[in-house]
Amino acid sequence: MHTHLASSYPDTELSRPRKRQRIDSPTTLDSTLTSPTAVNHSFRVTEPLSDMRIPEPDNNSNLSTSYDSAPEAGPSYVTLDKAGHSNGLSKENGHTIPVSNGTTSNGSLSMGNGITKHSSSIARVSLPGTTLYDDAYVDREEFVRLVIQSLKDVGYIESAATLEAESGYSLEAPEVTEFRQHILHGTWAHAEPLLLRLGVTDEDALMDARFLIGKQKYLELLEAQKTTAALQVLRNDLAPYSTTSEQDELHALSSLMMCSDPEDLRRRSCWDGASGTSRQQLLADLQHYIPASIMIPQRRFSTLLAQSRLYQRNRCLYHNSPANPISFSLFSDHMCEKDAFPRVTTTILEVHTDEVWNVAWSHDGTHLASASKDKTAIIWRIGSDAEPSSRDCIAEFILRDHPYCVGCLAWSLDDSILSTSADHLILLWNTKTGALIKTLETHAETVSALVWLPDGSGFMSASLDRKIVLWDMDGELRESWNEISIRVTDAAVTPDMTRLVAVGMGYIPPPTSGSLSRGHVRESSPPPVASNGNGNTIAPRSSENRMIVYDLKTRQVEMSVHMEGELTSVKISDDSRLALINHAPDEIHLWDLEEFQLARKFTGQRQGHHVIRSCFGGIDGNFVISGSEDRNVYVWHRDTGALLEVLEGHGQGSVNSVAWNPCNRRMFASCSDDSTIRVWEAPPISAGELFRGLSIPESEPEIVGKGKGKVKQPWTHNYETL
């Protein structure tokens with residue numbers, strides 16, 4: 001994902017904006033807060049929170065920490081000393097009575113104070129200084145408390161208690177455990193007074209926290225159908241803590257009193273009820289207002305390790321391995337080998353008789369569709385064998401019913417339909433039989449984009465005629481956006497279905513005669529400008545290139561950016577955050593759709609005259625890959641902009657489009673003016689040879705002339721040196 005930019009989003013009508021995320025300033029607590037247990041937390045009004053230390057033992061302590069001899073600080077694997085002690089531990093391996101701090105492996109709670117009662121004494125280890133190591137800046141107390149939390153999280157309760165006793169540090173004050181208990185058990189009257197004692201002293205933060213508790217209490221009363229009590233909470237607990245900006249939320253909450261039953265309440269409020277996860281979510285929300293030193297965020301050590309892993313992944317330029325204990329070990333820094341990157345042609349598909357302009361993988365990664373100037377589209381079946389030399393790659397269907405050159409391709413969500421474009425026409429194909437389902441003729445000029453909606457309900461088409469059309473799965477027109485401000489050259493819908501990103505040029509009057517025959521600037525390449533019936537490019541009178549971001553629900557423009565140079569392609573990242581725009585003559589722009597700003601530029605490839613299409617690639621979408629007019633394929637690292645590879649192999653002409661396999665993250669395809677499609681993978685382990693697969697048999701195969709039949713061709717092997 002875009003690393004400097006990974007939960008469900010609350011209902012916008014009922015969610016409440018945060019005024020702050022965390023209180024980091026020193027916090028003072030009620031001077032009356034003392035611990036009745038063996039852990040004595042002494043807080044004073046004028047001083048920050050003191051160390052979470054277990055006090056020195058006294059004669060009345062339940063936990064004996066007497067020393068047979070003063071232990072030496074050192075690693076945990078020291079041998080037994082003369083007094084018969086190992087690392088400050090007694091000779092006997094006494095068992096403890098686990099008392100949880102409220103976080104256990106099964107999610108249950110305990111009102112204990114975090115100190116366990118041992119049947120044998122554990123000597124406390126006194127270490128000099130406050131840092132973990134002499135040359136490190138890690139605070140020892142923070143580190144130990146995180147280790148204690150982690151041990152309890154995974155179920156090592158006795159080990160955590162031993163560490164607390166030996167180190168003298170306690171995970172947290174009993175009041176924190178008590179607060180957690182009250183929130184999760186819904187005893188709201190006891191929870192609210194603890195907020196001040198837990199460091200929530202800022203007036204705005206305190207109001208926010210009380211509002212969140214009141215909201216949960218209100219919803220639970222409505223769920224229990226105690227309307228009168230809920231009304232009292234609305235008036236007494238919520239209204240006093242709402243600001244002018246929060247009146248809309250207050251009105252939305254009050255409208256919930258009209259819900260017919262608890263199920264209707266949960267549906268309308270996007271809330272899963274008192275027996276669901278709402279209380280756990282409330283606790284997580286309240287934790288934003290409590291200083292982290294008092295109430296440690298849940299699974300904090302795991303969060304730090306995840307951040308470290310993310311940092312290592314970002315520094316790994318060739319990262320393309322899944323996140324698992326094998327590829328990310330804590331014992332060594334992560335680094336992917338360059339040899340695992342797909343940079344070798346393992347298969348060459350040769351059936352098209354003219355330039356290939358576009359390629360697109362099916363969602364299951366088993367088929368590849370290609371579009372060509374030869375007025376055909378081909379559905380290729382790419383075998384699943386891991387070894388390229390034994391993989392069966394067949395042109396299953398050659399779709400010949402296109403009256404013009406084929407420009408765009410798009411698979412339906414279930415891969416049952418392939419939509420193609422030929423000039424102003426859209427054709428729908430059955431991918432199981434190769435039959436033509438329907439031809440759609442609504443656009444007046446070249447169709448420049450076909451996009452199936454992520455929910456599978458239909459698809460969108462965009463054209464140079466400044467129209468964006470929404471179709472259902474059966475090819476019936478649902479909606480048309482007429483007369484938008486640009487002649488669209490490409491468009492894409494974000495995977496979360498919130499935005500439509502379109503690129504194109506300012507309005508140019510259409511040709512006065514002849515018909516549109518291609519989507520290419522020249523006879524042999526695919527830019528999105530109009531041409532007459534003779535195949536000559538019609539020079540634009542004026543052009544203003546622009547990227548426009550629409551809200552898909554309201555159809556309103558969220559952002560419109562003027563750019564110099566033609567914009568030929570747009571792709572969206574899997575997290576819906578980034579848009580990749582090919583920008584003539586020699587750049588690719590990465591736009592942040594949340595911040596509405598240019599995040600990065602990628603340079604090196606050439607695209608001054610023809611349509612060149614790029615895409616994201618790799619297991620986390622951390623590669624940017626593009627064709628080029630110099631017949632090469634270029635690969636960059638997305639987050640640094642570093643040019644990683646310039647892959648040679650295609651013949652004369654432009655590499656027009658690239659597509660990364662969505663299921664095999666170590667495979668991508670490219671197509672070229674040389675009439676071929678190349679499949680790229682990591683170098684074979686057994687030999688440094690290229691596997692070349694040809695799909696043209698000695699005899700003419702059965703061709704899908706009218707959308708029927710299959711092309712099943714023998715697979716021949718030719719080898720070339722790297």
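A Cβ is built for glycine as well, from the same backbone N, Cα and C atoms used for every other residue.
Since the structure is predicted, the reported quantities are computational estimates derived from the model, not experimental observations.
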Among 555-575, 681-701, 702-722, find the range that TrEMBL records as region 'Disordered'. 702-722
Scan 93-120, 513-540 against TrEMBL and say which stretch is down as region 'Disordered'. 513-540
What is the pLDDT of the repeat 'WD' (655-681) when averaged and given as a whole number? 95
Same-chain residue ranges lying at least 6 outside the repeat 'WD' (655-681) that approach it to Cβ under 8 Å: 320, 340-350, 352-361, 363-366, 368, 370, 372, 374, 380, 382, 388, 393, 524-526, 610-619, 623, 625-628, 631-633, 647, 649
Intrachain neighbours beyond the repeat 'WD' (620-646), with Cβ under 8 angstroms and 6 or more residues off its ends: 1-4, 313-314, 317-320, 341, 343, 573-575, 580, 582, 588, 590, 600-602, 604-610, 612-614, 652-658, 660, 668, 670-674, 680
